[in-house]
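According to TrEMBL, the protein has these features:
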- 18-43: region 'Disordered' (REGION)
- 50-73: transmembrane segment (TRANSMEM)
- 85-106: transmembrane segment (TRANSMEM)
- 127-149: transmembrane segment (TRANSMEM)
- 161-179: transmembrane segment (TRANSMEM)
- 186-208: transmembrane segment (TRANSMEM)
- 220-241: transmembrane segment (TRANSMEM)
- 262-278: transmembrane segment (TRANSMEM)
- 298-320: transmembrane segment (TRANSMEM)
- 327-348: transmembrane segment (TRANSMEM)
- 354-372: transmembrane segment (TRANSMEM)
Amino acid sequence: MGEAGEIQLQIAGIQGQEAGDGHGQRAAGNGGVCRPAATASPRPPLSKRLVWWAMVLVNVVFVLAGQSVATLLGRIYYDQGGKSLWMQTVVQSCGTPLAIPLLIYFRTRRPSSSSSSVAAAAPARPPLAKLAAIYGGLGVLLAGDNLMYSYGLLYLPMSTYAIICASQVSFNALFSYFLNKEKFRALILNSVVLLTFSAALVGVSHGSDGSDSAIPKGKFPAGFALTLSASALFSLILSLMQLTFEEVLKSDALPTVLEMQFWSNTAAAVVSVAGLFASGEWRTIAGEMAAYEKGEVAYAMTLAWTAVSWQLCTMGLMGLVAMVSSLFTNVISTVGTPLAPVIAVIFLGDRMDGVKLLAMLLAVWGLMSYVYQHYLDDRAKAKKSDEQLQDAKISAE
């Protein structure tokens, strides 16, 4: 969605300095001798930069913690006797009411007088019918994506499932290239190749489905295909969201991101609930709860905390989209891949054999290549902004 977040503060500082130079030129034209360039600062105060980084770190923790815990609880749900795929799909999006307080806050907050000019320049809001179609379409895609992830988590050990999910960065690179006009650089290509090999190693490994979890026999190929498809669809959804921000909403402010996340996830929850009733699985919920190995209270708490964890992950994702970019958000989401196999080995008894370990190392290597390329791009953008500022100052003198 435009410039990456790491240089947003630098750009703000550059704009502030340009404004200062403009005041100085007007003063000189009126016979003044003051030179405000001595007080203008090309960068914001260190405290503001630290606050920005702290907020980014908090959102990263939300994503990694929420995603890891939700995935672990989903696997526990199946191991303890849960069988409803649609119930697992519902809990991935039904936590949206937790975002209502933030929606109310942004709707009731009045812009200050200093931001009146910014509000006046805000883009016109798209027609309600257009927004409803976009949010509804995204909701249908999210519901389908959540259902495929639910199948994958049922048919695969958690560690295998997590490593296959690393392929979403590869799909994200492709969709971003075609839909979001992102450049396909050498390190990005390296990341795509490594992550593809990582997922392929898991797919062809006969030892990947060794686990103490209650994995259905003979379902590994289906689980692999569905998880890979879900990763591709998730990447497409993120690229479509970015395209919506750029071409339709023309804003990446936090209230806008929050609204999109809320309504698209609400639509996904409605579709998931409809699927739960249409499939007839709702009739088995009472019996499933009674047969749950840890008891009915544990059954309810597992589903409740799964919903909370997914919502926490969603909040972190939307925070990163608002502060940095959707591409960076997908990278951070995928960075949680190495955490899931470790958690699965510790809590679920999954086996970490040599092939799976190699696949995980390839996934980490691919992710680091992806992150480093964006770091280089951001540095180049910051350097270009500084050069433009210096050129402007020289021209003014």
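For all residues, glycine too, the Cβ spot is worked out from N, Cα and C.
When each of the listed stretches 85-106, 220-241, 298-320, 354-372 is scored by C-beta pairs under 8 angstroms to the transmembrane segment (50-73), 298-320 comes out highest. Beyond the transmembrane segment (161-179), the same-chain residues lying 6 or more positions past its ends with a Cβ under 8 Å from any Cβ of the stretch are 71, 75, 152-153, 188, 191-192, 195-196, 198-199, 202-203, 223-224, 227-228, 230-232, 234-236, 238-240, 242-243, 327, 330-331, 333-334, 336-337, 339-341, 344, 356, 359-360, 363, 366-367, 370. Against the transmembrane segment (85-106), stretch 262-278 shows more Cβ pairs under 8 Å than any other of 127-149, 220-241, 262-278. Residues 84, 86-87, 89-90, 92-94, 96, 99-100, 103, 131, 135-136, 138-140, 142-143, 146-147, 241, 314 of the same chain, all 6+ positions outside the transmembrane segment (262-278), place their C-beta atoms under 8 angstroms from a C-beta of that stretch. Under 8 Å from some Cβ of the transmembrane segment (220-241) lie the Cβ atoms of residues 138, 141-142, 144-145, 148-149, 151-152, 154-156, 160-161, 164-165, 167-169, 171-172, 174-176, 179-180, 199, 202-203, 208-209, 260, 264, 321, 326-327, 329-330, all in the same chain and six or more residues away from its ends.
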